[in-house]
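Annotated features, as they stand in Swiss-Prot:
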TRANSMEM  21-41  transmembrane segment
TRANSMEM  55-75  transmembrane segment
TRANSMEM  87-109  transmembrane segment
TRANSMEM  133-153  transmembrane segment
TRANSMEM  168-188  transmembrane segment
TRANSMEM  210-230  transmembrane segment
Amino acid sequence: MSGNIAFGRFDDSFSAASLKAYVAEFISTLVFVFAGVGSAIAYTKLTGGAPLDPAGLVAVAVCHGFGLFVAVAIGANISGGHVNPAVTFGLALGGQITILTGVFYWIAQLLGAIVGAVLVQFCTGVATPTHGLSGVGAFEGVVMEIIVTFGLVYTVYATAADPKKGSLGTIAPIAIGFIVGANILVAGPFSGGSMNPARSFGPAVASGDYTNIWIYWVGPLVGGGLAGLVYRYVYMCGDHAPVASSEF
């Protein structure tokens, strides 16, 4: 793509390749949400409903990191492995995907998240847990989600979207999984560490609990959008070149 924001064309968005990409996003998001929500439910079952402790936080963060690593990897060669409306939004603002195709990515991701959350609730018989604030207000929660999502989408650009990435692209799914796991360790006890509107929306639909759901749309979209704009216009402009290793 040219790197400029583009609306796109319906014939491109409904091509065979695009339809396959939507299916890939649906499946990848379903896999990620099933694993992520399932880890939270498993912790609740194994601890008899005890509050999340440090060991549990690490376990949930690791499961989300591993789950996203796999979800991105299985979709990378088909759809790019976005698995997240905030990632798609950031890539659209950076001109890496058209707005129209991005909308269909969102639909696929949200449907995948809903199905994943409903399936894990059905299989376990346990109410689906949702993201929520703990010890912080709505404003602080939004800021936290902006920061952690900025880090996630910046990582996506640096390891997967930047045409200068070279061999770094081969470890993109690992890096993306690592940053999500690390961010959950930081933000989990406060905002929940969503970074992903679909990850929050799917469980909200499955449980019928939409409390503060707007935080998990506003924060990630602002953070993802900022990361896309910063990386696109600072590092992917025509006159930028990477520093040679001998110059460090």
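Yeah, the Cβs are placed from backbone N, Cα and C, and that goes for glycine too.
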Chain residues outside the transmembrane segment (210-230) and at least six past its termini with a C-beta under 8 angstroms from it: 84-87, 89-94, 96, 130-133, 138, 141-154, 156-157, 191-192, 194-197, 199-201, 204
Beyond the flanks of the transmembrane segment (21-41) by 6 or more, those residues with Cβ under 8 Å of it: 59-60, 63-64, 66-68, 70-72, 74-75, 78-84, 101, 104-105, 107-113, 115-117, 119-121, 124, 126, 128-129, 198-199, 202-203
